[in-house]
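Novice: Checked TrEMBL, it gives:
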type	residues	note
TRANSMEM	12-36	transmembrane segment
TRANSMEM	48-66	transmembrane segment
TRANSMEM	78-98	transmembrane segment
TRANSMEM	110-127	transmembrane segment
TRANSMEM	139-159	transmembrane segment
TRANSMEM	171-190	transmembrane segment
TRANSMEM	211-233	transmembrane segment
TRANSMEM	309-332	transmembrane segment
Amino acid sequence: MVSAGKSSMNVCKLLVSSVHSVTIYCVSLCFSFSLFPHKSREFPGCGNIVTFAQFLFIAVEGFIFETNFGRKRPAIPIRYYLIMVAMFFTVSVVNNYALNLNIAMPLHMIFRSGSLIASMVLGIIILKKRYSASKYTSIALVSVGIFICTLMSAKQVASKSSLGEEDGFHVFMWWLLGITALTFALLMSARMGIFQETIYKQFGKHSKEALFYNHALPLPGFLLLAPDIYAHAVLFSQSEPFQVPGIGLTLPIMWFYLVMNVITQYVCIRGVFILTTECTSLTVTLVVTLRKFVSLIFSILYFKNPFTAWHWLGTLFVFMGTLMYTEVWNSLGPLVARQRKEAKKE
């Protein structure tokens, strides 16, 4: 009974963390996924300035409130953060740059939906982990469900677009390069999650500190992207004027969307870093994948795309896989039995 109680408590904590994180992501993505990308189609290749703005905002906030203007020493040695930063910066830039290589957003999401499988495989290889059959089944269900939904959405987008008169072979080679970039980023992201899990076990949980150093240390790397960032800053300044509701301030609309994106992404990324200190890398990947699924469903509703039977099937797979992973059925059994015993005693 004690072990069952502990198991139930662990599941409850996992569920609370997951629901909290997914809720944060839903609110964040209402802005960052629907508003900014919808307008940024007019400015292809603006991923670098978006990434730079996000990193700069989080670094400044952390420098003030976490490190107390640099006076607080880090609990985890800087050399570990440098390794983490190299992975984090590479994944962010490669994922953004892949969109410039004839990779459509739905296909981008399809590839990233494979993060669960990548995390599990690397966990088995590197950490020598072994999972129960239910865990393997749940991960497969979630991955297949998200793959079905994104694939159906990709077909809808593809049917409305055309390549025009571009050379087919040239387009295909750039697309192939984009697929290679996404594969590399997928594996690197999974490896980074495992590295974080190992570091937190060794030095303790320091989510806010990790959030700061993972965004402050890569800032010099953006000097390599300075010309592109400056060019898009000029383009953003030339976008149509927009009056901020309730404030009356008028500014270029792309700057407004960038500010909203930065703020909501800060909330989203902070939730990820808090979760990495509380759960295993596979659980974190599951929650992040669910966030991607929510963003996909939101995009379907926002852009008024058809929600077909395939989408419903994918949704069913995702929820079944999530419930199986969290072992809700196993934890509810002892709780129901306990309540029945208490009811009989009364």
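Glycine is no exception: its Cβ is also placed from the backbone N, Cα and C atoms.
Just so you know, TrEMBL annotations are computer predictions that nobody has curated.
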Novice: Answer with yes or no whether the transmembrane segment (211-233) touches the transmembrane segment (48-66) by the criterion of at least three Cβ pairs under 8 A, sequence separation 6 or more.
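Specialist: Answer yes, regions in contact.
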Novice: Restricting to the same chain and to residues at least six past its boundaries, which positions have a Cβ under 8 Å from a Cβ of the transmembrane segment (211-233)?
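Specialist: Tertiary neighbours of the transmembrane segment (211-233) are 43, 45-46, 48-49, 52, 54-56, 58-59, 61-63, 66-67, 74, 78, 81-82, 84-85, 88-89, 93, 269-270, 273.
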